[in-house]
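What TrEMBL lists as domain 'Ig-like' is 72-143, 160-240. The signal peptide annotation in TrEMBL covers 1-33. TrEMBL lists 265-282 with the feature transmembrane segment.
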């Protein structure tokens, strides 16, 4: 019977034992300074994303469809930075709204049922909300209404387009030229220039004195090429990096020798020289054959030409003169 109190006493931890256990637990617990992943709670990542999303701008877009729509409706949306997106599709029909099946897809992958569907009168609404934070979330988002036939509305998300020169840029050997690339109402994070070597894009070597890149304005880049050679001609690409993707545009450069524009002029001069030489030779030959005429060959040629052009009018008085002589 005495052993029972001793057993009970052993089970009850003494204050010293409690203090020792607390010290051991404090030693085993990872500190916040060692950067261990265990220091972060499990819900910290979604919470951080939610806090970031609250700082993003909002984009709202909608598409209207009817049961008589013959073609899918598409809407292009340009984004350069992360945004909260609200997409709405409405479908108007004279049939039973409860019989209409509503689905959403990103590109060809069907999205889960995290979208809203509501109805008002004869119009069915569906809404899909999400946050675009990287390039993988860009693409096409489509709403589908399936009744007797399927109606589709598509939202196409893409980064801003770049604008260069549509026509080839022509310059001459030894000159300098400037290639310009712009992005309207957008501000890329970085610009890069490439030249095409066959089918391979090669970064332009700005370390060479031949190339100078000017980025005075955030939405514009200029590539200056000095001391042009014929081999400098070809395709040049400007590349812009955005938070949500990349965009590029190409400019065609043609480098000509100064002899190229002179070729038509030289051809005309050659023709004129040949014509003059032919006329002089013909005139000299005619003067030898017809010294008694004393007339200029060119004058005779023009006279005969004008005489032949008169035709019948010149023959008529001759005929009458002959008749009078016969009488």
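Residue positions begin at 1 at the first shown residue.
Placed from the backbone N, Cα and C atoms, the Cβ positions cover glycine too.
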Q) DSSP helix, strand and coil counts for the domain 'Ig-like' (72-143)? A) 6 helix, 44 strand, 22 coil
Q. Over the domain 'Ig-like' (72-143), what does the predicted model average in pLDDT?
A. 94
Q: Work out, from DSSP, the number of helix, strand and coil residues along the domain 'Ig-like' (160-240).
A: 3 helix, 40 strand, 38 coil
